[in-house]
């Protein structure tokens, strides 16, 4: 038994192999406890596998502060005693003076002096004995101040007064969480750091209140519970805007130019510096200058600028500078040098002249504008269709406007275009591409391309050179031949002909008058031929006059006649010179030196002498060649003429007669110069000459006769030999007015029809035959027959309307109407169509007069009479009633087919209705009680009973132009009992819902102006009286503001005009046309020539032809043609001569 104070005890000196039982009792001051026995145990040597007692290491983790000494003791269990080895990670722990391992009988100890952060990690211990191996791992954590934050410091946003920065947490946080960060700042010009914040939790910080333009550095340190770690430092940063100036703009290019200005464009900078481009500045300098001048007065928005104020012919360069909020960029590179010149226009569209399998010959026209410098060459480009690129086709400069492109592919399709270049180096834009051209050998008919200047005469001065040229196309290449007057021309020293494949030129040197004329160029190949005629006029002295003849030769005179020279020298013939000489002499004597006519009467000749005459034409270039006549002997070749035929009198009035005759059978060898007309009164003996002036016509109006007297007439002819014998005398004619039958009635028409009658109307004839119309005859005929039946009384019908009765129902008739006068029945006028005898059905219609449309006002005890016309077929049934169904017993009603009347005698107030509108009334009130009626009280002023008026009547459109509209409307059916004071005109444009008041007028017509051409408008009219404005009355349709156009039309009432011979004939034709038409009169297909006797006039609505003293020559068909910008129209009218008295 042993007493111990510990809780364990080692019993020794036991016998190996014996079995023992042990018990233990607890002892205190009061005594022993009951014993606790162990299980029986056999004493023998024990073995156990290695194990480590890690209960003394919490969670197998050892925590130490950097710099401290660490001792980790771990009990080792196992029999036999295990051998223990240590590793750090996977590497055997190497012992040093600072780190070593101690081993005792019961434990293994790890000693680390002045522990470092690098000493932390996983340490493993391995125990090994004969029973096995065991490895345990513990973790050593070394806590320290944190490492530097992970950099670099990012400057997220830089402005003029703040910097926003960020960083990452330290990779080494010291083994414990980071509590906060400390941010410091210094100016790069100093060395002292200023703490900005010491409690920054996040990894971002905004340094504010910085000085603009100052350079700063920032540093950041992390802090944990062990202290503050090392810092990281940012790059230097300037407190400024967070963007830079823009990059360089693109090189400016000149998109268009002329001698005064250039238009530039450029690309934006590749970088805007982080701020939007505000605009650009444009600088300019001359080519040889080093001084740039700013030409943009304001900031240029966009990338296009027009540089103006240039000097013609000077070369300029331009550059562009971009600007943003940070400032100006570097200038762009200068543009290409460009001269201030007018641009060269593009050449004309290329045209293929000849096409083969591998070549195409194209030609083009020169540019219209050469930019002020001569064209020095052309460049031809080709492109293979459909997707080929434009390639240069010529390798040498092209001076002409024609070029043959070779090296092409057979059956390939090409386009060609041309660029022009002038001596200033300016290159035009490409011409329009040619038509698609396929390379193959085809036959094409020749075509001549002639300059438009050759379409008229080619005029050249004598002695100068004229040049004719043409281009030709065709396949194969056409042959070219020049001809004149049917003869082929050859190349001579004077006439030079140059011909190439597609061009020919004819040059005439030292031009003479005879070199002018028509030159014909013919191009031909197997495909056909083409011709063109050049008309050349050489300005020179005129050639000799043509056809000089000597006529009317007499003893002392003769007449020379000639024609203008065939060659007038290219200028107007100003006058002629006439000379003569006797055949016995050589000297020429001037007869006339300034003669304008082609005929001259030569006088003062010597009878019997022989003369030669010559005539020379004179133009502004001088006196032309003369033409000489054959010798002539002066002798009279004629005698007096025969007497004229017996005269006839065609038109007789009470004081005049028209005398007509025929020419003498023989004129005696000399033309008749005049006629002498003589008359003799039947009661007298002496012949009196009637004409004082020359008479060359075969008719003459003798006036100044005594009414009722009888006259006879004779005529004498006078030629150069004198007066002939008088003609036989005419019969005696009495001077009285002649009367003829009247013309046809005008505008015959049907007014009404029934099953047994037809009612007609017509107008009086335009021509009454010189006598009053005494009546009319109306006759009918069945359409299929020719037998006419007269329906008017035998004595005639004097009215201009007539009802034909006793007709067959539903039968059609032809109807004629004739006028009669004292001379008989005139020409009939047919009623249009074939009217049918049938009843016309007419809907009932009541025609209320204006007085019945208002309230009828009558006095009590008087008689009410209402008369109402009615229409309708068959006769309508008429019924009278009152507004509220009151009785009409007092009324006397009469009804007929054409009207109805209502009469009420002795009317009282119960026969009336409402108050009468528009009347003034006074009212008074009287009080009544059991003692009687009191004094009345009256209204101070009369009261007018009225209301707003009704809307205006139908609104019509009177006239429309491009800027105005004329409106017309009817008055309201009822004025509301008060006078209409005006009308309101309103307008509404198309697409608008708003009505606009245009004007207020007092009449029922308005002209609305200020409209827009082509716009559509609506109009409406409202009536106004003292009670207000009526409802509006709109125009029935929209109106488009445009000028009225009317195609020419005739409004003929009849197409035949008659007149008495010798009287004035007036033809008046109504027409319509807008704009006003041009008028052309023709007679029998020939343009009508106006004279003092024939005169045509035109107004806006009528055409008037006046023929004074009409004769048989004026009879015929006249054609009138009208034309304006809208169209044209024509019509034919006939003119008839009234019969002579001998025919009556």
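Yeah, the Cβs are placed from backbone N, Cα and C, and that goes for glycine too.
What TrEMBL records for 1-46, 148-243, 248-343, 346-441, 544-637, 643-738, 744-840, 951-1044 is domain 'Fibronectin type-III'. Annotation comment: TrEMBL describes 446-551, 835-915 as domain 'Ig-like'.
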Please spell out the DSSP helix, strand and coil residue counts for the domain 'Fibronectin type-III' (643-738).
0 helix, 39 strand, 57 coil
PLDDT averaged over the residues of the domain 'Ig-like' (446-551):
86
DSSP residue counts for the domain 'Fibronectin type-III' (248-343), split into helix, strand and coil:
0 helix, 38 strand, 58 coil
Summarise the domain 'Ig-like' (446-551) by DSSP state, stating how many residues are helix, strand and coil.
7 helix, 64 strand, 35 coil
